[in-house]
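First the structure, in the form of structure tokens, and then the observations on it.
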Amino acid sequence: MARLSLDHVTKSFADFDAVKDVSIDVADGEFLAVLGPSGCGKTTLLRLVAGFEKVTSGEIRIGSDVVSNSGGSVAPEKRRVGIVFQNYALWPHMTVAENIGYSLKVAKLDKAVARQKVEDALALVNLQGLGERGPANLSGGQRQRVALARCLVAAPSLVLFDEPLANLDVHLRASMEDEFSAFHKRTGTTIVYITHDQAEAMALADRIAVMDHGRLAQLATPRELYHEPANEMVASFISQGILLPADVLTGEEGGHCKVRVLGTELVVRCRPGQRPRAGAKICCRSADLDVSPDGPGFDGIVKRVIYQGGGARIEFAPAAGPDLTLHFEQPDPVVLDSGAQARLRIKSGWLIPAGTAS
Amino acid sequence: MSTRIRESRGQEMALTAAVAVVIVLLSLLPMLRLVKEIVAPGGTVSDVAIKAGLASPATWIATWHTLVVGIGGTLLAVLSGTLVAVLVSLTDIRGRGALVLCYVMPLMIAPQVTALAWLQLFGPASPFLKLFGAAPPLGTKNPLYSTSGIILLLGVQYGPLVFLLVRAGLRKLPRELVEAARAGGAGWFTVLVTIVLPLMTPSIMAAAALAFVSCVGNFGIPAFLGIPANYLVLPTLIYQKLAGGGPAVLGETAFLSVLIGVIAMAGILAQEVMSRRRDYRISSTSLPAEPYELGRWRAVVQAGMWLLIVLVLFLPLFGLVLTSLVPGYGIALTAKTATLDNYRFVLFEHDAANRAFFNSFWLSIAAAFFAVVVAVPVGYLIAWGKQRWVRLLNLSVELPYALPGVVLAIASLLLFLRPIPLTGIQLYNTVWIILYAYLARFLVLALRPTISGYHQIDRALEEAAQVAGAGLFTRLRTIVFPLVAPAAIAGGLLIFMTALSELTVSALLWSSGSETIGVVMFSFEQGGDSNYAAAMSVITVAVTFVLMLVTNLLAPYLPSGVLPWRD
Ligand SMILES: Nc1ncnc2c1ncn2[C@@H]1O[C@H](COP(=O)(O)OP(=O)(O)OP(=O)(O)O)[C@@H](O)[C@H]1O
Ligand SMILES: [Mg+2]
């Protein structure tokens, strides 16, 4: 078990920065998920930690040892990290047991001890008795478990996952999620888990690092990420947040402030120390929206009604900002039709902190 | 409506039929004729030919020699080719493009030229050794006139072949398979031995089989190095028998050529068995692994690689050029003795050499042109055809090239010894029988790149023309040919380079008046006129170099892997 810290890490390919000035501290035994759109540099970040890529600048420490900085890099085989790849990367010319026992053989462990460890690892991932099979004769879920067992058998101090469930179907994914979670609880290993599936990240992780174009957009607990996004990218990326232009009318007081949005005034949550300003943005979720035929609110037109079983997702364009789209769910019986006039109310929201517009 | 259906079906049928006729004539017919000669000499089934062949001790000795140099050459080629492929593909050495170009070069040089060049380097008459006064005294035996000499040169000649296949395999190795092992604690060498090389088994085995077939069927090297030492392998035994006995011994040589074919096939079968013992299928695709950093060893490895290239390419070619400038056997080369007389002699004075240049050029051009024209429709049927049986076509076109050249030469002789029935046309003892053999043997060299060209083209381009109302032949001419032309033409150029100094086939098929460059070179060397042979070799190597440069101009339009010397 070990702490992992990245300190202003940058990785450039030619003149393209795949990872840019990222600083993350992962505590001993923590489960960190890295989340972000495709191409944002997640895999590169992982490969930097594993030592397959060299940092352009910055420093990476595992435990108390510096493993990478611009001066040099500890070879991957000396880092004691385990890694599970999206495409499993099982060696086709070895049986399941040989795959799992590889690192023990490399470490020249006593044969009997190694055999016992392989048996234990197989049991840990519920694959008893499959040791003599070839990887080609396994299902996707079984292969992923072999890959997991292979990385666990060497008792690594840090385990890295690169979208381990991306190739599995929905049901298998749910059950593997449970297994990962149970495994983490049982062993207390430090884990860095890459995914582009928000639900997976939220379900598993202690904290989530959201990446965007190689930068770290926010590092926070799932709850904080959802309720208090630090910038517009995170706000719109997590759970399809709705961003609305706002003028801040009063300074922060007790975690709230007054804003004007689409011509109506309302009180939203905010970070301490926010001051009145124009051109701010608030983030609200579909659950924060309410149809209010005659109360306070703003008018607009229903653009689209998408029935989803048990209710509908409604896309709404406010009259005060016809280019904006707000969406919310309405349970059956759905009364709104596309083209209809409606009046909406925003129940609550979050003021995106100043100075972080992306 | 029905006439229109018939019309469009008709064009497709015509194309298929034409292709089938070509394939039958060039591939199946000669092979069947050869088999008939063995199992039913003179028309009735008997084992006379087989028994006679097996009874002769010369057969056994030559078979033994063939196996020795075949296996030895293959081992050397596999070791050197794999080593170079690993160094070039998996480490961070610099100057990869130039290294690959130079290392693959021997493949583009005819085997007998390689043999001649090396002989000139080490013999007692070596102008190169004489430059340092290190030549052994005249009359000493050239150390290359030996089993190990033959094995060495076969290894040099076919190492690049192994290199190309293993390199292609290494390029497809997903980096995760390597990285998972490194994360498991394995250092680079351990990863190489336990992961990379085992996963390359299919590539290495395929390369070994190809190298084995090439070594077993090679004529040029054992002819130049073995005949003077009276060390005969099957191809040279066939040559000697035919040269001495003429058509009368054709049945006997047919047996020997089938024996070569069987040995070659056994090599291919062994490869099949070896690569099926385990599961080597790599299912994922990904980027190749990061090159291993050699660190301070990089300079050493680089120097070693270039030393190897100097040894196997530059020195022999240098020796060849020196010999071509010497006025006569054993004379030391100085500024005073250097002369271009040898070139003048072979280019303008010697009749047979003159004819040979003329014959080889037009034979190569004809074979290349024909192959390009045929490869486009055949490739069309194989790559895009809907009928399953068409895929068998591919196999039958590969056959004459996969089997040693001697086999095809003997088959052609048997086929055309007598005038062609009904027409009375006589091909035997004319240059046309060589053309026939070239067409049959080299077609596949143009077909392979053409097929990979087809696989890169979006079929919709042709279908758009179809929708626009173009018939099959119009489409082939106006849409398909222009699209695959670069690949097919590059294939044609490869054929030209290969055919220009070809020896194996023409050594058995030539007659007075239809000499080829390879044949005349061989007879100069046998007559002790190495200087003339060297001059001819230098000319063909120069032509090959120039053509390689020209072909490079096509490179941007070619699927990768068509030009072996480009990395
Ligand atoms: N070896 C490389 N050379 C050049 N560019 C690279 C290399 N590896 C990655 N990149 C680039 O770096 C960027 C980030 O790549 P990375 O694989 O880290 O993305 P990712 O977040 O893992 O995406 P995905 O979710 O699609 O897997 C991409 O634009 C990619 O093209
Ligand atoms: Mg990725």
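For all residues, glycine too, the Cβ spot is worked out from N, Cα and C.
Cross-referencing B:143-166, B:335-358 with TrEMBL places the feature transmembrane segment at B:143-166. Contact between the transmembrane segment (B:395-417) and the transmembrane segment (B:143-166) does not hold: fewer than three of their C-beta pairs are under 8 Å, each pair 6 or more apart in sequence.
Ranked by the number of CB pairs under 8 Å to the transmembrane segment (B:306-326), the listed stretches B:12-32, B:143-166, B:254-274, B:429-447, B:536-558 are led by B:536-558.
Against the transmembrane segment (B:64-88), the recorded stretches B:12-32, B:100-123, B:143-166, B:254-274, B:361-383 differ in Cβ pairs under 8 Å, and the greatest number is found for B:143-166. For the transmembrane segment (B:479-501), the partner stretch with the most Cβ pairs below 8 Å, chosen from B:12-32, B:361-383, B:429-447, B:536-558, is B:361-383.
Of the Cβ pairs linking the transmembrane segment (B:12-32) with the transmembrane segment (B:536-558) and spaced 6 or more residues apart, fewer than 3 are under 8 Å, so the two regions do not touch. Counting residues 6+ beyond its ends, the transmembrane segment (B:429-447) has Cβ neighbours under 8 Å at 26-27, 30, 359, 363-364, 366-368, 370-372, 374-375, 378-379, 382, 394, 397-398, 400-401, 405, 408-409, 412-413, 416, 488, 491-492, 494-495, 498-499, 502, 505-506, 509-511, 513-514, 516 in the same chain.
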